[in-house]
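Everything below concerns the one structure shown next.
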Amino acid sequence: SRDSSHILGRINYPVPAGRRDGLVSSFNEVTQNLPSPRLTADQLIQNFARKGLSADEMATLSGAHSIGRSRCSSFSDRLYNYKETCAQDPTLDRNYVANLKATCRANGGSDPTVAMDPAMPNRLDNTYYAELKAGRGLLAWM
């Protein structure tokens, strides 16, 4: 992440060599510890607090999604069956929803990916937050 931050956003920070949180990586530990994209803001804050991180730190880490991508299957419920009402998520920008639907439908059966930051997908900057405020964020924060 440090190298990507430097290449995509000219952000550089020192990282000591080696990891101190374990000697092995386990798929089950990862899936049990990563927050679901369907958590509410309160649930996310609680999830990060269990790891000793504040809400401010959580918001800062979420900015890393400025350079991420997500599969349509991870957010399609926000486009079609939001909270089982068969409507779209009212917090999403209508034009953004139309673009997402077109992208996700256009690949007939495959599960394409979409940039988390539609404005500057290959740049680590603060436009991710502006896009969230404008209703153009894939992750739900309610």
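Using N, Cα and C of the backbone, Cβ positions are placed for all residues, glycine too.
Around P35 (substrate binding site), taking its Cβ as the centre, 15 other Cβ atoms fall within 10 Å, counting all chains. According to TrEMBL, the substrate binding site annotation covers P35.
There are 18 other CB atoms within 10 A of the CB of H65 (heme b binding site), with all protein chains counted. Marked as heme b binding site by TrEMBL: H65.
Counting every protein chain shown, 26 other Cβ atoms lie within 10 Å of the Cβ of D117 (Ca(2+) binding site). Per TrEMBL, the feature Ca(2+) binding site maps to D117, D125.
The disulfide bond annotation in TrEMBL covers C72-C104. Less than 8 angstroms from the CB of C72 (disulfide bond) sit L100, T103, C104, D111, P112, T113, V114, each of them six or more residues away in the same chain.
Look at TrEMBL and you will find 1-139 tagged as domain 'Plant heme peroxidase family profile'.
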